[in-house]
Each structure stands twice: as C-alpha cells, then as structure tokens.
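As recorded in Swiss-Prot, the features of this protein are as follows:
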ACT_SITE  48  active site, thioimide intermediate
ACT_SITE  55  active site, proton donor
BINDING   70, 71, 72, 89, 90  substrate binding site
C-alpha cells in the first residue's frame, strides 16, 4: 500500500523529546475533494519551560489536504514527543502548525489547544494557515475560533 511509512504496523518506540521527524504523510487518494479532516489528541502533555511542571491539554487539528495526508500513528508519536519538552502552550501550537504545514503543504490547516487551567487561567491558543485560494475560509475560521 504505502511501503515508505515507517511507524504503521511496526513495533512502537516511544520518544518523549520533541521530534518533528516522527511525522509521516501518505498520498491523498482524493485530491479533487476538499474534506475538512479533524484529528483530536485528548492526551497531549508538555512541560512548562519555567517550572518544569506538566501541562495537559486536548489538541484539535483540522485540515483540508492537498496532495498529502498525515499518517495518524506518526502524528500520535509526534505529539507524544512533546511529553518532556519545555514550551509554552502558544509555542507548542505554533510549532505543531508549522511542522504539519511543512510536511503536508495543505490547502488549509488549523491547530487549537484546549489546555487545563493552571493558576485559575485556561489557555486556549488557536492558529491557522491557508494557501491563497483559502484565505477567506481562514479568516472566517479565525473569527469563529473557540
């Protein structure tokens, strides 16, 4: 099917240090369609870069693929790689977006983080990206972000 995929169907070595090289993609079987794909990671963890305390959140990734789609096991391993990574919530979300845009070159992509509150404040960063033809869609999504 797609022999170049390394993670799917293989024994899983879990890496808990940020590593964008874990992400893999496969050819979009229907590049003429524009599905809005939602991926949800309910167990995202990273470390506060100041206190080294763990942060927990749900990461929502939505995208309209162009020629490539993200392989879900590689995405899981990539998101797990944040486990011992010290970074602010906003930085995690921005980096996830940039890594996925570099890998997929999608028509549209957004990342939203719903982080558990610490000190009584919940941080919920949102960032999105679009190619020229999807800029209007991007603006509408930004205005309607949670």
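Just so you know, glycine gets a Cβ as well, placed from its N, Cα and C.
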* Asked: In angstrom units, rounded to an integer, how far apart are the Cα atoms of residue 90 (substrate binding site) and the residue listed as 'active site, thioimide intermediate'?
  -> 11
* Asked: Does residue 48 (active site, thioimide intermediate) have same-chain partners at least 6 apart in sequence with Cβ under 8 Å from its own Cβ, and which are they?
  -> 54, 55, 86, 88, 118
* Structure fact -> Neighbour count check, CB within 10 A, over recorded positions 55, 71, 90; minimum at 90
* Which of the three DSSP states, helix, strand or coil, fits residue 89 (substrate binding site)? -> helix
